[in-house]
Amino acid sequence: MYLRALTALAESGIRTCSSEDLAVAAGVNSAKLRKDLSYLGSYGTRGVGYDVDYLRYQIAREIGVTQDWPVVIVGIGNLGHALANYSGFRSRGFRVVALLDADPHVHDELVAGVAVRPFDDLEAIVAEHGVAIGVIATPAVAAQNVADRMVATGITSILNFAPAVLAVPDGVDVRKVDLSIELQILAYHEQRKAHDAGDPAAVPGVEEAAL
Ligand SMILES: NC(=O)c1ccc[n+]([C@@H]2O[C@H](COP(=O)([O-])OP(=O)(O)OC[C@H]3O[C@@H](n4cnc5c(N)ncnc54)[C@H](O)[C@@H]3O)[C@@H](O)[C@H]2O)c1
């Protein structure tokens, strides 16, 4: 979050910022910001604030994004296209080296200048580019098989968009992005807000439970 906020500040030409400015940009309070940044050592100057580029570099170095990370995306349907077209990966140090799909109808299609290739090319691509991070954007039924193949090739970090729980060996990190669950959480809070505002019809069952 801090890196993203600092990048936005740098892109708008801001060279130094106060901890208050950075806290607002990152959506936290300044006490939390000072505590978080203290783990990096002190990079601020009293009365001047933070040097945006320097702090940006320090945070990027700490979380490992000063280097270029080659990434493969598997499953080039609706979501795979959107991810492949997302310019934010490149600007944050992630280079999409291959787009893979099992469906021959999409092979050779160019998405953001990268050709879609057969899923069976995975091993060769991982070996050629030293890929450590794979993105799964296939239907849920295919996700475990794709994860197994990724792990067998040496991929050790997986970003999974499919609504499936993946089993992976120790040493492999999986991060899951589940947009439906995020929406369900918002729906739950909406329901609570409607209830708190005195609309019992908004929460069927809650009134009954109270009785
Ligand atoms: N579209 C969205 O907005 C969205 C949002 C959140 C999550 N998701 C999830 O992301 C996944 C993809 O969604 P979508 O809408 O892009 O689906 P899609 O059907 O448009 O695309 C899926 C792609 O995966 C490919 N595929 C299937 N099995 C494969 C395999 N074994 N190996 C390689 N490729 C394979 C298909 O050929 C297809 O091109 C789903 O699990 C979905 O639930 C989608």
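Glycine is no exception: its Cβ is also placed from the backbone N, Cα and C atoms.
Among the ranges 1-40, 81-120, the stretch that TrEMBL annotates as DNA-binding region is 1-40. Proximity of GLY75 (NAD(+) binding site) to non-local residues of its own chain (separation of 6 or more, Cβ distance below 8 Å) is seen for LEU100, ASP101, ILE136, ALA137, THR138, PRO139, ALA142, VAL146, ALA162, given in sequence order. Sequence-distant contacts (6 or more apart, same chain, Cβ under 8 Å) of ASN78 (NAD(+) binding site) do not exist in this structure.
Confidence over the domain 'CoA-binding' (64-165), given as mean pLDDT on the 0 to 100 scale, stands at 95. Residue counts for the domain 'CoA-binding' (64-165) under DSSP, helix first, then strand, then coil, are 39 helix, 29 strand, 34 coil.
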